[in-house]
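Okay, handing you the structure first.
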Amino acid sequence: MPKNSKVTQREQSHEHVTESVADLLAHEEPLDYKSSSLNVGGAAGKKVPQIEVPENDGRPAWNSKLQYILAQVGFSVGLGNVWRFPYLCQKNGGGAYLVPYFILLLIIGIPLFFLELAVGQKIRRGSIGVWNYVCPRLGGIGMSSLMVCGFVGLYYNVIIGWSIFYFFQSFQYPLPWSDCPIRKNGTLAIVEPECDKSSATTYFWYRQTLNTTSTIAESGGLNIKMTLSLLVAWIIVCLAVIKGIASSGKVMYFSSLFPYVVLFCFLVRGLMLKGSVDGIAHMFTPKLEKMLEPQVWREAATQVFFALGLGFGGVIAFSSYNKIDNNCHFDAVLVSVINFLTSILATLVVFAVLGFKANIMNEKCVVENAEKILGYLNSNVLSHDLIPPHVNFSHLTTADYAEMYGVIKTVKEDSFPQLGLEPCVLEDELNKAVQGTGLAFIAFTEAMTHFPASPFWSVMFFFMLINLGLGSMIGTMTGITTPVLDAYKVQKELFTVCCCIIAFLCGLLFVQRSGNYFVTMFDDYSAGLPLTVVVILENLSVAWIYGTKRFMQDLEDMLGFRPYIIYFYLWKYVSPFCLIVLISATVIEMAISPPGYNAWVQELAQERFQSYPPWALAMCFALIAVAMLPLPVVFIARHFNLMSDGSNKLSVSYHKSMMKDISNLEEQDEARFILGGKPGEAPSSGPARKPFLTPGGNKPMDSLNTLISVSPPKS
């Protein structure tokens, strides 16, 4: 033991022995996790060898608190904040959607995020080691989490590859998706029919970028451009995570902060555009009746769930590199609030730009339909008497067109449908909800073509998407590598490179010409239900198997203050109930919604919903089954002693004799946890209680007896 340790100093000063005992308990030898208090399924009474290890177990650590916070923010704030949250907000009542979202963030998001941070920080292992440690029979939680990370990482990096392709295409003026290509047929030049039927940005996305097939069954071979983009994406990710947090932590300084710079720049520029205020007003005009619909609450809960990255293992992995006394409660609240505010900021940006686009499209609609009316007037299909006298076709406003449209529709009621006139209402344009790739690669790119200096804004936008995706991919890869490196002594760099190579080869499925449909499949089926099951088992294993009261006491010992008692009830009752409801709603939604995808039909130049063929349907359910398979397999194997319970040495280990009275804590009066001190109160000045150790009614003599089995400290 170091000469300047508390124990040595107090021995030299001849202080009372019980204080030395208390300090010795803080420097006990490591022990197999099976005999720790946090292990519920370990065998009791086994003699475990006592091995002394240095206080620093050699585990990597964050260089600073800021680096860690940026890593958690980078992982939780991803592409979904930019293209999923605004869509849900528009679809589910505008400003009214923020109410259920914020409520569910408080009762589900922050408590479960806090729970994952706490167990990772204390046990100092990745997802597999943590849940093996808590309850070996539920060790499949960590393995399922790792499987989901693998599935998500495969297709998520494909999206980064798409962004890389658009990023490099943005270095030209005019932007390549600003106009439809011209096809020459001899001396005749015509607009590409597929582009003419849709739009320039839609054509560039489906034909020139993806070169997509009309069905998922048509492979079409590899898309070379997308294959090279995917290779570049995996090289970037591999370089970012190859040294663990030593490299990824430094990358996070840029990848986490740069998107905010771009978002603020886009917000300022967007607010200067004509029609931006219309978009923002439309976005936040609350439709309060929507709050009564169960579907709104289900989608809000799902978005909260995935926005924070719960269940992926990245949160646990990042927190496992923290100091044991780090205030993870503050971290949980801070990161959750940053995530929520980022979603609001992204929503403002998206709808400022889409409001500008809606005004342009509405003006274009007015011009096109005014030309139709002029044609009908010149051919005497319509009478000039139908046109209000103040209307000037040279300077036709949307209000003038709306008045003229209303008169014609009233007078020509019977033959009006044959005229083919459109109402050209701004509200209709704003109601055209888009999400995901449709928002980023079609709607937003189309709006940017109308920006002054459009290549600059396009470069900034897609560089932002790359950084948002990179932050989430680093967390996802850490959720894969950390548990494996904890369990097996393999070289970090070699293992990371092998993972990236295997992932790239598997990712070739997504860069076929039909690859976009597989991205949709994996997004819909590989993560949703399995992750929800993983998180509810995490919640139940801590709150009901290990015990919420014990966990609350552990947190007090670890943090130095007692968390708010509301967490006790949220973890034990509210969160499990909400998650069970969410799982039920998800299963019902999957049962009543026909499994399928939106295919791009080249002949029609539009999307059309198609059902999955039998083999693809089997693949969908195989993704769910494979992701959740470790849960029952590990439970059965360990229940019948067919599988090792993962008794690798953990950095947080406990002496068997210190644990003999741990079960007494569950019998203690609940008032101890309810009537205790408030968060933030100073810890007692007496001897520190051992984390994960609260024997009921131990007397000084009991502790002195325990000291007999502890080897004497070395000077």
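Backbone N, Cα and C define each Cβ position, glycine as well.
TrEMBL entries are annotated by machine, without manual review.
Below, the features straight out of TrEMBL:
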| type | residues | note |
| --- | --- | --- |
| TRANSMEM | 68-86 | transmembrane segment |
| BINDING | GLY74, VAL77, ASN81, ASN339, LEU468, SER472 | Na(+) binding site |
| TRANSMEM | 98-119 | transmembrane segment |
| TRANSMEM | 146-168 | transmembrane segment |
| TRANSMEM | 228-246 | transmembrane segment |
| TRANSMEM | 253-272 | transmembrane segment |
| TRANSMEM | 300-321 | transmembrane segment |
| TRANSMEM | 333-354 | transmembrane segment |
| TRANSMEM | 456-482 | transmembrane segment |
| TRANSMEM | 494-513 | transmembrane segment |
| TRANSMEM | 525-546 | transmembrane segment |
| TRANSMEM | 567-592 | transmembrane segment |
| TRANSMEM | 612-637 | transmembrane segment |
| REGION | 674-715 | region 'Disordered' |
State the residues, same chain only, that lie 6 or more residues beyond the ends of the transmembrane segment (228-246) and have a CB under 8 A from a CB inside it; answer 'none' if no residue qualifies.
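Residues 60-62, 71, 157-158, 160-162, 164-165, 318, 321, 470, 473-474, 477-478, 481, 485, 492-493, 496-497, 500, 503-504, 507-508, 510-511.
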Provide the number of Cβ atoms within 10 Å of the Cβ of GLY74 (Na(+) binding site), excluding the reference atom itself.
28
At a C-beta cut-off of under 8 Å, are there same-chain residues at least 6 beyond the transmembrane segment (68-86) that contact it? List them, or none.
62, 159, 245, 248-249, 252-253, 255-257, 259, 283, 303, 306-309, 314-315, 318-319, 321-322, 331, 334-335, 338-339, 342-343, 346-347, 350-351, 435-437, 439-440, 465, 468-472, 474-476
What is the set of residues, excluding GLY74, VAL77, ASN81, ASN339, LEU468, SER472, whose C-beta falls within 8 angstroms of the centroid of the C-beta atoms at the Na(+) site?
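Close Cβ neighbours, site residues excluded: VAL73, PHE75, SER76, GLY78, LEU79, GLY80, SER256, PRO259, THR342, GLY471.
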Under 8 angstroms, Cβ to Cβ: which one of 146-168, 253-272, 300-321, 612-637 has the largest number of such pairs with the transmembrane segment (494-513)?
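Selected stretch: 146-168, with the most Cβ pairs under 8 Å.
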What same-chain residues lie close to the transmembrane segment (612-637): Cβ under 8 Å, and 6 or more beyond its ends?
137-141, 143-144, 147-148, 151, 216-217, 521-522, 524-527, 529-530, 533, 537, 595-597, 643
Return the single residue from the binding-site residues list (VAL77, LEU468) that has the minimum number of other CB atoms within 10 Å.
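Each of the binding-site residues VAL77, LEU468 was scored; lowest Cβ tally within 10 Å is VAL77.
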I'd like the number of other C-beta atoms within 10 A of the C-beta of ASN339 (Na(+) binding site), please.
24
Using all protein chains in view, find how many other C-beta atoms are within 10 Å of the C-beta of ASN81 (Na(+) binding site).
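For ASN81 (Na(+) binding site), the 10 Å Cβ neighbour count is 24.
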Return the count of C-beta atoms lying within 10 angstroms of the C-beta of SER472 (Na(+) binding site), excluding that atom itself.
28
When you scan the chain for residues with a C-beta under 8 Å from the transmembrane segment (253-272), skipping those not six or more beyond its ends, what do you find?
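Tertiary neighbours of the transmembrane segment (253-272) are 67, 70-71, 73-74, 77, 342, 345-346, 348-349, 352-353, 356, 451, 457, 460-461, 463-464, 467-468, 470-471, 474.
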Using a Cβ distance cut-off of under 8 Å, indicate which of 98-119, 333-354, 456-482, 567-592 has the most pairs with the transmembrane segment (300-321).
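Most Cβ pairs under 8 Å with the transmembrane segment (300-321) come from 98-119.
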When you look at the transmembrane segment (567-592) alongside the transmembrane segment (146-168), do they share 3+ Cβ pairs under 8 Å, ignoring any pair fewer than 6 residues apart in sequence?
no
Please indicate, using numbers and ranges, the residues of the same chain that are 6 or more beyond the transmembrane segment (456-482) and have a C-beta under 8 Å from a C-beta there.
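Sequence-remote neighbours of the transmembrane segment (456-482) are 71, 73-79, 81-82, 125-127, 145-146, 149-150, 152-153, 156-157, 159-160, 163-164, 166-167, 170-171, 175, 236-237, 240-241, 244-245, 248, 251-252, 254-256, 258-259, 262-263, 265-266, 269, 309, 312-318, 320, 440, 444-445, 448, 492, 495-496, 499.
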Same-chain Cβ contacts of the transmembrane segment (525-546) under 8 Å, 6 or more residues past its ends?
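Here the qualifying positions are 38, 40, 112, 115-116, 119, 131, 134-135, 138, 141, 144-145, 147-148, 151-152, 155, 302, 305-306, 310-312, 571-572, 575-576, 579-580, 582-583, 586-587, 590, 620-621, 623-624, 627-628, 631.
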